[in-house]
Ligand SMILES: Nc1ncnc2c1ncn2[C@@H]1O[C@H](COP(=O)(O)OP(=O)(O)OP(=O)(O)O)[C@@H](O)[C@H]1O
Ligand code: SF4
Ligand SMILES: [Mg+2]
């Protein structure tokens, strides 16, 4: 499989008055054509910033300080704004978390979809309109002609997120970054939207990065999972392997806090401790203060090692029979 | 929509009625106009004749009812001084004031919004900081002082522009205005700028705050993620959103422009309603003062209505309905 996207050693830091926030601090992953990668982690772990870095949408005081982002072989980490504009929404699209906020409240749906086509292609308005209508149809929106004339507030949250997804697919991008697109929706709508998105990636061969804090969401959707903690990917591998045999203590904790993974009646397991303060991370493994298996060996930051077909950052992987 | 308008008209009528009471009784408390009109050596009989002629011998409530009766017929009484209907006097002076107020509104929009936009897009830029400092000055310097300074600098020192009067007027489309002659425009510029100063500052601050807020919104980030040009993002996505509060506030401020024109008109000897009002107050010409205040109330009511309708056109989430206020 050819990689659509290869991220190597990506570091995105925010230079705030209070200090340097290393929101993304050495992230490596790649996504192949047609592949869905789940990017999972707690709030503040750097998932969104990873996504925005790929699109070149990091605003001061933030900046990509290191690393390569190879998109179809071209390093776009330091690309010009002009170059990035031709990629955004065209070859790489993004969907946001809150459908109530992502559409402009004072512009009609047709305006907001058609402009996404016209920004990248010289086609006449009629054709752009037809493509918008067809895209709405594809994501399961009934009577798309009428919906095109609506303003966002006239649509439900689920409908709006479908509009955002349809907009993302308009220019048949090679890669879509979906940043928690279902978090704000209720469970049934969530399932429908995931289904639509999955169907579309299959049909179009679009690669997708699906960002979420909920492992259960990506369990049935992603081909591979990357687990992120405090700006780093701590475990990465095939979905089944990661879900069934998590190796990193943080992944073990995340899985423990997924309701479906708990046996009936058993107490819901919570990862102990606070989410890390990004301004004041521990010297060694960032997870150490919350880790049950932490030892002195965890103090130099653990590098990436390959264990059982996965890349993990931990000196004491939770392999069966291995205890520290 | 029509139910909404009817409802608003009823409300407006109520406000006008209430204001007429307050204004009429309020004006009757100050001074005794008769002494302004009769020569100091007039005898008692002459004095009483004058009082009767002005209708001031009747009890105050009767005077009010008579006023109300006239008001319903569109007659707000005659000026004590000129003997002409007060409304006629006001309408005669109104075009000059409206011309001044509209010019000031125009200046505040075309100067204030672009400056605010710039300051909002580049908040850390020294130019933006200069704009914001200027807007604080615009807010805090008293209008009359700025007016005098403008006259000192541009009329007296530099001699570029005339300092008083309205200049030549010309009639265009049935409207007589100094906007249509070069001499008129040169007379208009300084007073309009003086009157606009406060509103320019307001437009700058409103626009800047709106831009700053909008730029951080998800819909702007989504627009950027779609690969739109910066131009389109600013002039379609951002500007369309911030026009809602800006138009609302600037529209509502139009009434206060007319109110504030009293100061500017006095300084620049601009022959508008404001100057008429000041003269009327000095001469205790009660009917003119009352008529002026009623007209101003009417202005505010109408402006509010227009702003509400404009607002509903700009913001699709607002539809005028017969619900709430
Ligand atoms: N503009 C900024 N200035 C300073 N720090 C920032 C800025 N934007 C993000 N951060 C920091 O970067 C870190 C990562 O943020 P990010 O939004 O990527 O988290 P996330 O994993 O997407 O979380 P969530 O699930 O809440 O969306 C956070 O600790 C956040 O405080
Ligand atoms: S490196 Fe040590 S502290 Fe970090 S997760 Fe592994 S065991 Fe825990
Ligand atoms: Mg996020």
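Using N, Cα and C of the backbone, Cβ positions are placed for all residues, glycine too.
TrEMBL does not curate its annotations; it predicts them automatically.
Range B:188-207 is the one annotated as transmembrane segment, of B:188-207, B:208-227 (source: TrEMBL). In TrEMBL, the feature transmembrane segment is placed on B:133-156, out of the ranges B:133-156, B:157-180. Contact between the transmembrane segment (B:188-207) and the transmembrane segment (B:100-121) is present: at least three CB pairs lie under 8 Å, with pairs separated by 6 or more positions in sequence. Nonlocal intrachain contacts for the transmembrane segment (B:100-121), taken as residues 6+ away from its ends with a CB within less than 8 angstroms of a stretch CB, comprise 127-128, 131-132, 135, 179, 188, 191-193, 195-196, 199-212, 215, 234, 239, 246, 250, 253-254, 257-258, 261, 264-265, 270, 272.
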